[in-house]
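Visitor: I am attaching a structure below and will ask some questions about it afterwards.
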Amino acid sequence: MGSLLLQMSPIALVIALILIVRRPPVQAALAGVALVLLLWALGAAGPVSAAISSAIFQDTTILFLSTACVIVPGLAFVILVERGGAPQAIGAWVKELGWTPPAQVIFIVLGLAPLLEAMTGFGVSLIATVPLLMGLFTRQSGMKIALAGMVIMPWGTLGLATVIGALLAHLPAETLGSHSALISAPVFLCLAAIAMWQGGIRSVSPWLGLIVVTALFVAVLYSINLWIGPEVSGVLAGLAVACVGLGISFAQRKKLVRWPSAAWPYLALLGVIVASRGLFVLSGWDALWIVKGEHVSWKPLASPGLALLIVTLWMAIRQSAAAGFPWRALFNRAKFPVTTIFLFLLLSQVMVNAGFLVEAQRTLQSLSGISLAPTIALLAGIAGYVTGSNVGGNTLVMPSIAALTSEHGAWLAAMVNSAAGHGALGSLSILSLITGLAGANRHEENNLIRFAFGLVALNIVIVAATGIVLLYFL
């Protein structure tokens, strides 16, 4: 037990610094890296060697590049669409559709919010949904519905966390994505139901509609993950719900509300994503360039960052007459997320390659079947919540799962991916964005923090229960 606690102390330090000392994630990650390197040098795990150091360097570099090549163009895209007023234009467009409150809630939390968040990440969907929902419902209800819709979608930034999680778990991204969709299915339904309840919807028929729409959302998410990959699955799942909603609106009103011209980058990004994935599926060209490390590999041509880069350059050219490219804003917004992710990846790779996870893996391996699923869900949910990142949560927990000798390896990895994702999207960083957009006072902020923590706890319980059922009773 002593060696287990010593080897896990870097992760415990990170969690303690964030939750108890309330230090920023980047500082906590830096402290964790410093401690794990010190312990390694003192002989707390495997011996220090050039071969292990080389493996750490190679795998960390590849994982970091695969992440940064999505985050940086993604943030550039976010800055440019914000400058063009696209999120606000989408909010005004939804109001023009003239739906009833139940239809609005379902359309936003299972359609619009997942669609926008899956395309961009970083909470961009909230820029459109928070003002919109606060105009449709009370302030408190609007903020809570927006948060519930945000927590639904852990496939943000074109499935980046699932792709990185698959690399860490040594699984095909399609396998991890499809398994995660099934693990998260009850979470989707429960969170959408909470959003409906917060909207004051009590009649029976909207709840039946919610079940049908959730089933559609899960079916599309699972199918696209399985057949194409996680990069476009969240986008197409949200788009499917949105198209059904627009079809119903057209049938009722006999006219379509025109998509706002200010929001053209979203349509362009959708087109580039679908076209590029279709091309790669048919031709296999994404395999022409593969960067290999010791234990992980990366296909740069298959990176969703390529689609983000193309559309971002297109936007920059169109906006260059009005203003130059926002290099300073991009640097200021990217420096902390990128640095934090790098440090978490370095921490995870030192722990994996230097043997810090041996005792943890033995402990998990010794757990009985029923107790393993809740333990994994709890660890991953906490990791996602404290880091505020699905990628961060995956990097802390996934390596321990990858080395388990279990026939249920894909399901266990999916539990990590889902629990970390839902936990991250209820984190304090997301709450600060919501309260900032809403101009919330201290009382409203405290209520929202309690509500968010309750959602995270509920998600952990749901993921654990779903994992137990799928692993041991089916």
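Backbone N, Cα and C define each Cβ position, glycine as well.
Keep in mind that TrEMBL annotations are predicted by a computer and have not been checked by a curator.
Relevant sequence annotations retrieved from TrEMBL are reproduced here:
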| type | residues | note |
| --- | --- | --- |
| TRANSMEM | 38-57 | transmembrane segment |
| TRANSMEM | 105-133 | transmembrane segment |
| TRANSMEM | 145-170 | transmembrane segment |
| TRANSMEM | 176-195 | transmembrane segment |
| TRANSMEM | 207-228 | transmembrane segment |
| TRANSMEM | 234-251 | transmembrane segment |
| TRANSMEM | 263-285 | transmembrane segment |
| TRANSMEM | 297-317 | transmembrane segment |
| TRANSMEM | 338-358 | transmembrane segment |
| TRANSMEM | 370-388 | transmembrane segment |
| TRANSMEM | 420-439 | transmembrane segment |
| TRANSMEM | 451-473 | transmembrane segment |
Visitor: Most CB pairs under 8 Å with the transmembrane segment (263-285): which of 38-57, 105-133, 338-358, 420-439, 451-473?
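Guide: Ranked by Cβ pairs under 8 Å, first place goes to 105-133.
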Visitor: Any contact between the transmembrane segment (145-170) and the transmembrane segment (451-473), i.e. 3 or more CB pairs below 8 Å with pairs at least 6 residues apart?
Guide: yes
Visitor: Three or more CB pairs closer than 8 Å, sequence separation of 6 or more: does that hold for the transmembrane segment (234-251) against the transmembrane segment (207-228)?
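Guide: Yes, since the transmembrane segment (234-251) and the transmembrane segment (207-228) share at least 3 Cβ pairs closer than 8 Å, they count as touching.
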Visitor: Short question: which residues 6 or more past the ends of the transmembrane segment (338-358) have a Cβ under 8 Å from it?
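Guide: 7-8, 10-11, 14, 25-26, 29-30, 32-33, 36-37, 39-40, 44-46, 48, 52, 55-56, 59-60, 63-64, 67-68, 71-72, 168, 294-295, 387, 389, 391-392, 395-396, 398-400, 403.
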Visitor: Same chain only, please: residues at least 6 beyond the ends of the transmembrane segment (105-133) with a C-beta under 8 Å from a C-beta of the stretch. Say none if there are none.
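Guide: Sequence-remote neighbours of the transmembrane segment (105-133) are 74-75, 77-78, 81-82, 87-88, 90-91, 94-95, 97, 99, 141-143, 145-146, 148-150, 152-153, 155-160, 188, 191-192, 195-196, 199, 201, 206, 209-210, 213-214, 217, 233-235, 237-239, 241-242, 244-245, 266, 269-270, 273, 337, 429-430, 433-434, 437-438.
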